[in-house]
Amino acid sequence: MSWLTPDVIEILLSILKAVVILLVVVSCGAFMSFGERRLLGLFQNRYGPNRVGWGGSLQLVADMIKMFFKEDWIPRFSDRVIFTLAPMIAFTSLLLAFAIVPVSPTWVVADLNIGILFFLMMAGLGVYAVLFAGWSSNNKYSLLGAMRASAQTLSYEVFLGLSLMGVVAQAGSFNMTDIVNNQAHLWNVIPQFFGFITFAIAGVAVCHRHPFDQPEAEQELADGYHIEYSGMKFGLFFVGEYIGIVTVSALIVTLFFGGWQGPWLPPFIWFALKTAFFMMMFILIRAALPRPRYDQVMSFGWKVCLPLTLINLLVTAAVILWQTAA
């Protein structure tokens, strides 16, 4: 087998790593829908899904079967091509955003030097999917939900990017592995506390999760921009939202909590435990907080998050200048 040169083996191993990591992310996103319902039941002192399988363990399988066999309906007056492309773009952009996250020192799909910029680009690409879905559905509620979602996402992406600039300045790199290695002695959550708070808030908003789920507000917009979707097209939006939660949780761990670093246990175990903790925090936030009005969400972003990110940047710049001068 002369074609198995070291370069070919390296390429095959890289492809295998990418497939394994992305399959695990998709599985986590799918399983989180079941885990969320069980945890919400626990938080609200009621039963979660407990009928299919032992203790409801097969509920996810039942949901997948139902979704596969539902009619894949397309509205009569919709733009069929864009209507079909929108969920694919949403799912793919959220999945690709995880590609830059180093799960361990050797396991990362794409160790890019512009890792953070790539994440921001993928987050921005998701806005197009939402706009495509709302406009192509030819439904006023879908369009209103898409307009809300695009305005909210674009606004909070400003704070998302600014909250990361302090981390980039401290590490001197946009590369995620370099940022993790820079936290060997002190996690970024301590010197970049305001950046962490703002990034976590903006991450919830960009994922359109409660309490920032106004684009999908059932009481006002009848489920928003994916009201006309059914079957696997709706499934791509549904699983994509949970993949977004997994990705944002993994980024919080990587950027502010030392990534895979920790004593005794293997690196990927530490990474998985930290990520699972923040995924549970997403669910706890949904269980604990009410949904504010849309104007309150936008006002909170520009009047609270933006000043916090600017203060964080100024303090970080001052500290770096002081350390350089010393």
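Using N, Cα and C of the backbone, Cβ positions are placed for all residues, glycine too.
Marked as transmembrane segment by Swiss-Prot: 11-31 (among others).
The transmembrane segment annotation in Swiss-Prot covers 81-101 (among others).
Feature annotation from Swiss-Prot assigns transmembrane segment to 114-134 (among others); the stated evidence is sequence analysis. Beyond the ends of the transmembrane segment (114-134), by six or more residues, the same chain brings 82-83, 85-87, 89-90, 93-94, 96-97, 99-100, 142-147, 149-150, 153-154, 157, 160-161, 164, 168, 174-176, 206, 215, 224-226, 229, 237, 244, 251 to within a C-beta distance below 8 angstroms of the stretch.
The transmembrane segment annotation in Swiss-Prot covers 154-174 (among others), and the record cites sequence analysis as its basis.
The transmembrane segment annotation in Swiss-Prot covers 186-206 (among others).
According to Swiss-Prot, the feature transmembrane segment maps to 237-257 (among others), an assignment based on sequence analysis.
Here Swiss-Prot flags 265-285 (among others) as transmembrane segment.
Taking Cβ pairs closer than 8 Å, the transmembrane segment (302-322) reaches residues 155-156, 158-159, 162-163, 165-166, 169-170, 191-192, 194-195, 197-198, 201-202 in its own chain, all 6 or more past its ends. If you look up Swiss-Prot, you'll see 302-322 (among others) marked as transmembrane segment.
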Below 8 Å between Cβ atoms, which of the listed ranges 11-31, 154-174, 237-257, 265-285 makes the most pairs with the transmembrane segment (81-101)?
237-257
